[in-house]
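These features come from TrEMBL:
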ACT_SITE  H18  active site, tele-phosphohistidine intermediate
ACT_SITE  E107  active site, proton donor/acceptor
BINDING   R17, H18, G19, E20, C21, E22, V23, N24, R76  substrate binding site
Amino acid sequence: MLEEKMKHLPKRIILVRHGECEVNEDERVLEYVPNHKIKLIERGVAQAKMAASKIREIVSENANWKIFFYVSPWNRTRATMEEMIGRGETFTTDKIVGIREDCRLREQHSGNFQNVEEMRKMKRERNSYGKFFYRVPHGESAADVYDRVSSFVEELWREMESNKSEELNLIVVSHGLIILLLLMKLFNWTVDEFEGLINPPNCEYRVLQLGAGGKYNLAHHHIDELKQWGLSDQMIKDQIIRARGFQPFLDQPED
């Protein structure tokens, strides 16, 4: 039954944060441009192309590889995905089996037009209160966002029941908080464990690969990376078990 189940699961789920955008150059753009309309900048374009090249190296180990994109509806995430695909130079049309925009992958709502000074004050307050339960005035808490992320994941599993490709790779292009919450949901991390996580930089990606036991894990990444991302020793131990049972990562010396 496990072998049959694994036939339907994607070989990898790769979570990608969007490239640098106008906010990285001037935060005050949020005072007169809606957050969802913020544009990618040239540095973000270059980051997206570089990320795509690296991801292609990861997924193309087998000649039969395929890609399915999920993307947030916001301008900068869609632009990042489009730059990743390029003009068929990195991911050719015969390798892309689908592209789906999903509103549940949108960024945390922080109100409409945003006063930069008020947002800075809010972020300081959130750090004291706790970033999971803190609700942004006129917006969402991370807990609210977690609910829609959970809905996305649960529907994703149902859709995968009809997957026929054993070399399918899902690429989710979204936002920093969404990536953390997807990891929280997929690995059943607690609120306390979430609080210790570090937001991924622009166009960084997290590779979740399917282990022999049918569980996804972060074993593609070095343990030092996992520590830098805020994973505790226990969280890393769980990744080791997910990847290789009770055997250590290949790059770690055995006792």
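Backbone N, Cα and C atoms are what each Cβ position is placed from, and that goes for glycine too.
Note that TrEMBL annotation is computational and uncurated.
Ranked by Cβ neighbours within 10 A across all protein chains shown, the binding-site residues C21, V23 are led by C21. Same-chain residues at least 6 positions away in sequence with a Cβ under 8 Å from that of H18 (active site, tele-phosphohistidine intermediate) are, in sequence order, L40, G44, A48, S72, W74, R76, T77, A79, T80, V173, S174, H175, N202, C203. Apart from the site residues R17, H18, G19, E20, C21, E22, V23, N24, R76, the chain places the Cβ of I38, L40, I41, G44, T80, N202 no farther than 8 Å from the centroid of the site's Cβ atoms, the recorded substrate location. Counting only same-chain residues six or more apart in sequence, the Cβ atoms lying under 8 angstroms from the Cβ of G19 (substrate binding site) belong to L40, I41, R43, G44, V45, A46, Q47, A48, A51, R76, A79, T80, E83, N202, C203.
Fewest Cβ neighbours within 10 Å among the recorded positions R17, R76, E107: this applies to E107. With the residue listed as 'active site, proton donor/acceptor' as the anchor, the candidate binding-site residues are R17, C21, V23, and the one with the nearest CA is R17. With R17, H18, G19, E20, C21, E22, V23, N24, R76 listed as the residues that bind substrate, the site has a largest C-alpha separation of 15 Å.
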